[in-house]
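Data block below; observations after.
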Amino acid sequence: INLFSSFFSYLLFLLALQTPLRSGNETEPTDFILLGFFPEFKHITAMVSIILLIYTATFMGNTLLILLIWLYSHLHTPMYLLLSQLSLMDLTLTSSIIPKMAVNFFSGRRCISFLACGTQIFFSLTVAIAECILITLMCFDRYVAICDPLRYPAIINPRVCLQMIAMSWVGGALTSLGHTAFTLHFKICSPREIPHFFCEVMAVLRIVCEDISTYEKAVVITSILVLLLPLSLILSSYVLIFLAVLRMNSPEGRNKALATCSSHLCVVGLYFGPGMCIYMRPGSAKTPKLNQGLFLFVTVLTPPLKPPCL
């Protein structure tokens, strides 16, 4: 991940150098202005304060969970290792968005630099895609645990878990890198005001001065690959899981399996529902208020709900 971050920073530096010049020696400004969320809302200070409290609790809770899992060897099981990565992804997502949003609000400064904007796009997309891959792989973990429990230790071993984790992060970083670089290479219209509380792809595309219809189609295709394909695999796996559960003779075993499945399905719904509304809804870039509400749900309310669900 550090290697991807370094390469990403270098790529943004090259993009900044290619910013077109104005007449004379003055360069065109590369900073963006974040307009924030719900400007007509009367109690915005209280809302931001509540968001900070939730973020602090989420940060402390997920950090403690990660430390406990890595410090205690008896928790080094596939389920807990994958859960620790899910918590790490949630921490990365919220920490790349919420602190900057709070600083901008309380300081009154709404500017964000080109590099910081690109960093937010990169990490938000990386975590979103990596989380999608990881949740799909966690479904495979549940499938083996229920449908083939005797072979579970041999199939889902520590090496396979590490491969799942690496696949999630690398897949998310590579896909995000391409979309971030392509989004930021477009010419941005003045006054470079982003109708959002952070730099998000769909919000940045709203202020582009070029025809982006081709790129929007590419975003839809990526969304299908990242959201619909994994969701189809998850639902197919759960059909097989439920068929296996129905064949169980023990009521206790059946109830335990159903509880395990329902907890994972809860996380699937919390993740895929807002993601599909944001990236697969026609004209999503033209409804900033709805997107802001969905992103508030994803970045503020969803992270503290995932570990209890699992």
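Placement of Cβ uses the backbone N, Cα and C atoms for every residue, glycine included.
Per TrEMBL, the stretch carrying the note transmembrane segment among 79-98, 279-298 is 79-98. Long-range contacts of the transmembrane segment (47-72) within the same chain: residues 38, 41, 80-81, 83-84, 87-88, 90-91, 94-95, 98-99, 101-102, 105-106, 296, 300-301, 303-304, 307, each at least 6 residues beyond the stretch ends and with a Cβ under 8 Å from a Cβ of the stretch. If you look at the transmembrane segment (220-246), the same-chain residues 6 or more away from its ends with a CB under 8 A from one of its CBs are 128-129, 132-133, 135-136, 139-140, 142-143, 146-147, 175, 179, 254, 257-258, 261, 265, 268, 272, 275-276, 279-280.
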